[in-house]
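Structure first, then comments.
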Amino acid sequence: EGLPLGRRLAVVAAVGSAAAAAWLYLREEKGRRQRARRQAELRALALGQGDFRLLDQEGRPRQKADFRGQWVLLYFGFTHCPDICPEELEKLSRAVELLEREPGLPPLQPLFITVDPQRDDVAAMKRYVQDFHPRLLGLTGSPEEVRAAADAYRVYASTGPKDEDGDYIVDHTVLIYLLGPDGLFLDYYGRSKTDTQIAQSVRRHMETYKPLLD
């Protein structure tokens with residue numbers, strides 16, 4: 001004779017439970033592999049980002065290591081930029097302000113690194129950053145130091161021809177970078193992203209953050 005109905009149901013339930021457990025295990029294992037792969041990629045990227053050494057708008061030396069343990073929104077641009085850079089820095093500043101209104105979130109440090117060190121000396125950076133978030137740091141340095149910082153974040157920058165007044169435009173990557181407390185690149189935001197969208201993304205990163213460096 002076959003198994004009693006109750007026994008058959010118990011067997012079916014046990015098989016179903018085992019299948020569900022196996023599925024959960026495989027899903028968790030896939031998640032672990034994905035996290036391990038992302039960790040390796042971010043570590044490799046972090047090694048390529050180097051430890052930039054620049055001056056802020058007060059002439060104080062700053063290096064990447066100074067910002068370990070902090071969340072950072074970083075933008076590369078130049079003070080003579082006619083419209084894009086002011087728009088992006090205003091957007092960055094508004095995103096920081098939105099997050100500052102939310103209790104319990106860690107502070108976010110806004111950074112602006114010039115790609116035009118020939119014109120953007122310490123004094124020029126000090127005048128310029130006053131128009132944006134009060135905690136915005138403007139960083140500059142020698143052409144070699146600035147180029148090293150830009151290269152570390154894969155930032156393209158090319159100086160255009162001078163006009164009759166000696167003025168020129170610098171064509172450059174237009175992205176806002178998010179760095180986590182490890183100093184690792186976590187995300188980036190193009191011109192299409194609004195201040196609200198950036199703030200929402202940063203908040204999600206803050207709420208789900210797990211250190212990736214030992």
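Cβ atoms are placed via backbone N, Cα and C, with glycine included.
What TrEMBL lists as transmembrane segment is 6-26. Annotation source TrEMBL lists Cu cation binding site at Cys81, Cys85, His172. Look at TrEMBL and you will find Cys81-Cys85 tagged as disulfide bond.
Annotated features, which come from TrEMBL, shown on the structure.
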{"residue": "Cys81", "record": "Cu cation binding site", "Cβ neighbours (10 Å)": "20"}
{"residue": "Cys85", "record": "Cu cation binding site", "Cβ neighbours (10 Å)": "23"}
{"residue": "His172", "record": "Cu cation binding site", "Cβ neighbours (10 Å)": "21"}
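The Cu cation site is defined by Cys81, Cys85, His172, and by the 8 Å test on Cβ atoms against their centroid, the other residues of the chain that qualify are Phe76, Gly77, Phe78, Ile84, Glu88, Val115, Val170, Val174.
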